[in-house]
Amino acid sequence: MTSNVVTVLSPFFLSDGTLEIWKDGQKLREVKGCTVLGELAVLYNCERTATVKAATACQFWAIDRRSFQTILRKRNIQRHRSRVAFLKSVPTFTKLPESVLSQLADQLTEIKYQPNEFVIRQGARGDNFYVVCGGQVNVTIHPTDEKGQIDFTQEAKFVRTMGRGEWFGEKALKRERTRTANIIASEPDGATCLALDYESYHQLIGDLGILSKQYSDVKYPERVEVKVDQEFAALQLDDLVSIGTLGVGGFGRVILVKIKKDDTRSFALKRMKKHHIVQTRQQEHVLNERNILFETKSEFIVKLWKTFKDDKYVYMLLEACLGGELWTVLRDQYFFSESTTQFYVACVVEALDYLHKRGIIFRDLKPENLLLDAAGYCKLTDFGFSKKLPPATKTWTFCGTPEYMAPEIILNKGHDQAADFWSLGILIYELLTGLPPFDSPDAMRTYSLILKGIEAVGFPPKVPRNAQNLIRKLCRDNPSERLGYSKGGIRETELHVWFEGFDWVGLQKRSLKVPHARVIQSSSDLRNFDKCPDDKDVPPDELSGWDASF
């Protein structure tokens, strides 16, 4: 191929020739044949951070990001389904629901063994259960003497050969650690096994004895289209009067409005440019936001009252939270005390608990998406990246705020509610310190820091030890190991020692004293919001009809 096939977001493999890497007018290095360049772009969807010039005639191969993502997604889905199928074939797991099997499948580790290499040894202690997924293994047993001791001086007796789909070592899950046989990778190809360790199993399932109970699979409540409140059924867009701008975003702005002849109440009207939504292919995200908000009813999530549309915009009439963004308070305070952080994080936990019980992932947790109502309580807003998932499924969309993205989103491995727990850990860190733990002006650098893991992050002294422990448990690299994701659910987060003594009942009843009582003199008071420039850009009409439900 020639260089003109490489696009800004394409990785490429240099098979022959020499390239020069330049940045800010300086030559950094040379690379020669058999080198991969731009591999971060295919994962992170970032602009190039350096310029690549051909020093000689070059030959290379390239793949665009979308094709790579499609291939990777199909491969990961196929691999996950195959692992679930393996687990279903094991009698020990037959009573487990699909949702739990899916989580267990994420915990399986693939291990390759060379011919004649021992997988397990008779008499040794072990914690792993194995399923053969490639090649074969031989089972051999040494005889025992009169005292029942294994006689290793005598040759082990061949018992049988096990192949793809067969399993061994299940007693390790019952804490019967002593191995009763040798398992050896056979010739000539060796073997590949999927391993599940006891700790991972116990975290998700608990004691094996509970498998005697009859499990029922996870079922989320049926989606019910919440009808527009009767009070607003006849409300028209022309009935609203603009007071001022609350905020500006990528698709448009949020305007404080009142209903004509009603000066006692105000609302937040989210106005989004339809042309821009279509240009950026965000129709599905906007529709998801509308549908999810209409079916939610929580004191910790902003309320959607009604939607409108015209030729240029779609509108959402939302509950107005005049206390402003939590980010604004954090900016002015620099960082929060431990008790203040606990209060706001607890509000978020309540919101996530409500969403996750209904199969909804949020995917954009950050201080900017947390609003303070008139009473000073925290509410989740901006559901543009939220999505409803069926049980035991994942989604693959690359979305979110870079500093808050979970590793599995960056690596396009598929993600679910566990990604929200990662973001919760990042939020705790930022509220306590004023900055997120993975922070860089360059998004690609931020992603690289995230992939190094939370253990590579230094915690300043202002972060209490118990908070550090909670953050690390929420930000485990393996999604299935994150606190709140295993058998105990989000209740595990509430029971963590960092929340010891916190009044969850008082929070739910909204009877707690809030950390920051916001001054709000009237339903038109904009003092808690930054001033925004006027919107002089009039978008073109967009009449494709994707917004019919508005």
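In case you wondered, yes, glycine gets a Cβ from its N, Cα and C as well.
Per TrEMBL, the feature domain 'Cyclic nucleotide-binding' maps to 12-89 (among others).
Residues or ranges marked as domain 'Cyclic nucleotide-binding' by TrEMBL: 92-206 (among others).
Here TrEMBL flags 240-499 as domain 'Protein kinase'.
Taking the Cβ of Lys270 (ATP binding site) as reference, residues of its chain lying under 8 Å away and at least six apart in sequence are, in sequence order, Gly252, Arg253, Val254, Tyr315, Met316, Leu318. Per TrEMBL, ATP binding site is recorded for Lys270.
The domain 'AGC-kinase C-terminal' feature in TrEMBL is assigned to 500-550. On the 0 to 100 pLDDT scale, the model's mean across the domain 'AGC-kinase C-terminal' (500-550) is 94.
Under the heading region 'Disordered', TrEMBL lists 530-550. Distant neighbours of the region 'Disordered' (530-550): 245, 247-248, 252-253, 273-278, 283, 286-287, 290-291, 307-309, 311-315, 328; these residues of the same chain sit at least 6 beyond its ends, with a Cβ under 8 Å from one of its Cβ atoms.
The compositional bias 'Basic and acidic residues' annotation in TrEMBL covers 530-539. With DSSP classes pooled into helix, strand and coil, the tally for the compositional bias 'Basic and acidic residues' (530-539) is 0 helix, 0 strand, 10 coil.
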